[in-house]
Amino acid sequence: MAAAVDTFLFTSESVNEGHPDKLCDQISDAVLDACLAQDPESKVACETCTKTNLVMVFGEITTKANVDYEKIVRQTCRDIGFVSADVGLDADNCKVLVYIEQQSPDIAQGVHGHLTRRPEEIGAGDQGHMFGYATDETPELMPLSHVLATKLGARLTEVRKNGTCPWLRPDGKTQVTVEYYNENGAMVPIRVHTVLISTQHDETVTNDEIAADLKEHVIKPVIPEKYLDEKTIFHLNPSGRFVIGGPHGDAGLTGRKIIIDTYGGWGAHGGGAFSGKDPTKVDRSGAYIARQAAKSIVAAGLARRCIVQISYAIGVPEPLSVFVDTYGTGKIPDKEILKIVKETFDFRPGMIAINLDLLKGGSRYLKTAAYGHFGRDDADFTWETVKPLKWEKPQA
């Protein structure tokens, strides 16, 4: 890339599964999974909060499932690695509070007519607007800054759990700044400008050991060599000490990492969180179908970069609006792409749930609750499946 080209810097951050907010997301989604596994028609709005030695789950759940909420909380904390007060939370001895009520009957009748409606008649669970985004800068059709920050967080957890870096503790944050070139609306990454990792650690390790291990075992396997150069800046545990972490260090709450969950600051966000919500909540299902639409547009070669917005009214099945913007990278006009999108995708919440198979539990949603909901290579992430779009290339 010629030096004279105008470039800009863009930064995305991530947190790994031991961050207190992410712990809460995972507990909320583990509860959702347990409900859907027994009763696919479960209506779930499950929030979680945590602080030192305490986890509380609260919200509205209507289900035929028999769910042991306390057991789910403790198991989720244990699986992440919160097994003693030293690391930030003791899964077996912390206090667990449960305040779960039924879904409001007013909402229930408006959304699904107390289960009397056919799937295509099911109304949106609330009003709102959601966005999907895709870009051709990575194989995942996701922003590189976000992909790298997310993968660094996942790698931190991997080397903690497999014993490569035994000094690691569950909590940690990452941030990556990428230098980009704007090629007529498409984003072209040139190099990684800055890598920031702040990870919780035990008392035994020195800052020099932390920096050396992070470079060798976390950064090197994740960031392709072509993006690193002698000018790349590394901030590795720049605060100097991060022993106290998890809920002991900071309070946590479901739904506070919505940019990390999506596109790392690229595109746009309607503000609605995902975790702990069943598919009638369009905050979640609407964002999933919008991602599938945007990804399908880019995968089809219709555009190099794309954002899709949809909006809903509570109790109304059809979206109020659908919007497509290709940032000037479209091969045909955006209004024609919009027409193709409307013909290809069914944006009614009941049909989204069926077409994307969103009523299945197990550990399906728990997997989404750390390391991003999009750009993942996993069969359960059905919204990542590209739908073929029919269009004719304009004559040269």
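Glycine residues also receive a Cβ, built from the backbone N, Cα and C atoms like all the rest.
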Review point. Which residue of Glu60, Glu140, Glu203, Glu209 does Swiss-Prot report at the same L-methionine site as Gln103, Asp250, Lys281?
Key: Glu60
Check your understanding: Where the distance is taken from Cα to Cα, which of the binding-site residues His19, Ser239, Arg241, Lys257, Lys277 turns out closest to Glu13 (Mg(2+) binding site)?
Key -> Lys257
Point to revise | Which same-chain residues, if any, lie at least 6 apart from Glu47 (K(+) binding site) yet have Cβ under 8 Å of it | key: Cys24, Ser28, Val57, Phe58, Gly59, Leu253, Thr254, Gly255, Gly276
Study note, to complete from the structure: For Asp250 (ATP binding site) and Glu60 (L-methionine binding site), the CA-to-CA distance in whole Å is 25
Study note, to complete from the structure: Ser239 (ATP binding site) -> DSSP, reduced to three states, gives coil
Check your understanding: Using Cα coordinates, what distance in whole Å links Gly172 (ATP binding site) and Lys281 (L-methionine binding site)?
Key -> 30
Check your understanding: Which has the fewest other Cβ atoms within 10 Å: Arg241, Lys257, Lys277, Lys281, the binding-site residues listed?
Key -> Arg241
